């Protein structure tokens with residue numbers, strides 16, 4: 001069988017080239033020749049490459065230099081190996097302008113572009129100035145820069161070549177010029193003579209009022225109106241008109257001129273009214289106090305003196321409201337029955353003089369009194385209440401255990417005997433019981449109380465340890481044999497174990 005299997009034509013085998021296909025032995029040769037994707041073949045386009053069948057299709061479609069591809073400009077088909085030569089001559093291929101004007105045109109239209117449209121082609125200025133410039137700069141040159149172009153004079157509006165305009169401007173009659181005398185006026189060249197003769201404000205003239213001053217026209221009007229000593233002006237006090245040069249002498253005598261009061265009261269009156277003002281109305285004029293205190297003061301201070309300062313003026317007592325002279329008010333205050341005074345005992349209360357005795361007798365908290373409970377303490381009235389309620393040893397307070405009331409001074413003795421007072425157990429078991437129940441607690445319930453073992457072993461222990469002793473330690477307790485399960489006293493168990501028939505040997 002082994003030999004047969006090595007030659008069996010129907011036996012399935014994996015492809016020798018490891019393409020993954022399984023075929024019979026008799027079909028293996030045909031598979032390798034025609035169908036195996038790992039089988040080697042020549043490129044059918046004739047480039048000479050040998051590749052496996054599964055790589056050859058991608059090579060023919062995407063990599064072979066003999067495959068046909070279209071030119072992306074003219075759309076004709078060429079071999080990949082020839083396409084670069086074609087692109088050097090393709091009439092439809094887009095190229096940037098040779099003169100770098102930025103335009104992109106196809107190769108067959110490049111000559112026409114350079115002849116008609118390209119802005120970078122050099123041409124002569126058509127106005128004859130001799131300049132050579134690129135076509136796209138020439139129009140701006142002709143319109144804005146060429147010295148042979150015609151432009152109008154901005155003054156007379158006639159057209160001149162740019163190169164001739166500066167000469168024309170030196171003679172143009174319509175050209176506006178600043179006044180030669182620097183008055184700031186701008187006039188045309190043809191009107192300049194008339195301006196200087198009649199209108200220029202910088203031309204020098206004599207003052208028409210006869211003061212002898214010579215000034216320019218623009219300063220002369222202001223001089224005549226505001227500065228000339230020969231001009232007429234009214235006196236601002238009496239309204240008479242006088243020359244400026246005579247005004248100072250007039251002001252020294254003008255009866256209507258306003259002057260400040262000689263006594264410096266601040267009032268301004270005319271020269272003719274000054275004497276009457278000083279005699280009757282000036283607030284700085286000296287007068288005697290009308291209340292008879294003998295003081296002499298200026299009128300403006302006298303009213304304030306009479307109202308606020310004079311010792312002879314009448315003022316009300318602020319307590320009893322009766323009127324007294326200022327000089328007498330201090331004597332009155334020493335006796336005034338309505339004067340508010342602080343309590344003599346410094347309780348902080350303020351009462352009038354006439355009510356002070358009643359306050360001390362009935363209301364003052366600082367008056368000393370005896371404790372009404374009879375402890376003998378003397379305290380201020382306002383502290384006595386707190387003493388009676390909270391501090392006096394004669395006050396009654398309830399016992400917090402039995403609730404009966406006792407004097408504070410007797411409470412300590414009572415607490416030493418109070419049957420309801422809670423005490424800690426004398427044996428320190430931690431229990432708290434009243435004094436009257438302590439004996440019963442110690443006798444019956446205290447876990448630290450000493451008792452005899454009830455099984456009769458003779459041991460004496462506290463109650464809380466006795467239960468453990470009875471259950472686990474007492475030699476008189478009954479316990480079962482672990483073999484025969486009969487109960488024996490703990491003290492007899494060792495003898496029983498020596499004789500127990502159930503005990504294993």
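Using the three backbone atoms N, Cα and C, a Cβ is placed for every residue, glycine included.
Automatic, uncurated: that is what TrEMBL annotation is.
Over in TrEMBL, the protein carries these features:
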- 4-57: domain 'TRAF-type' (DOMAIN)
- 4-57: zinc finger (ZN_FING)
- 86-139: domain 'TRAF-type' (DOMAIN)
- 86-139: zinc finger (ZN_FING)
- 168-221: domain 'TRAF-type' (DOMAIN)
- 168-221: zinc finger (ZN_FING)
- 250-303: domain 'TRAF-type' (DOMAIN)
- 250-303: zinc finger (ZN_FING)
- 332-384: domain 'TRAF-type' (DOMAIN)
- 332-384: zinc finger (ZN_FING)
- 414-467: domain 'TRAF-type' (DOMAIN)
- 414-467: zinc finger (ZN_FING)
### Task
Could you give me the DSSP helix, strand and coil counts for the zinc finger (414-467)?
18 helix, 12 strand, 24 coil
### Summary
Residues in the domain 'TRAF-type' (86-139) per DSSP class, helix first, strand next, coil last, are 18 helix, 12 strand, 24 coil
### Task
Take the domain 'TRAF-type' (168-221) and count its residues per DSSP category (helix H/G/I, strand E/B, coil), listing them in that order.
18 helix, 12 strand, 24 coil
### Task
Determine the mean pLDDT over the zinc finger (414-467), rounding to the nearest whole number.
88
### Message
For the domain 'TRAF-type' (250-303), how many residues does DSSP put in helix, in strand and in coil?
### Response
18 helix, 12 strand, 24 coil
### Message
Quick check on the domain 'TRAF-type' (332-384): DSSP residue counts for helix, strand, coil, in that order please.
### Response
16 helix, 12 strand, 25 coil
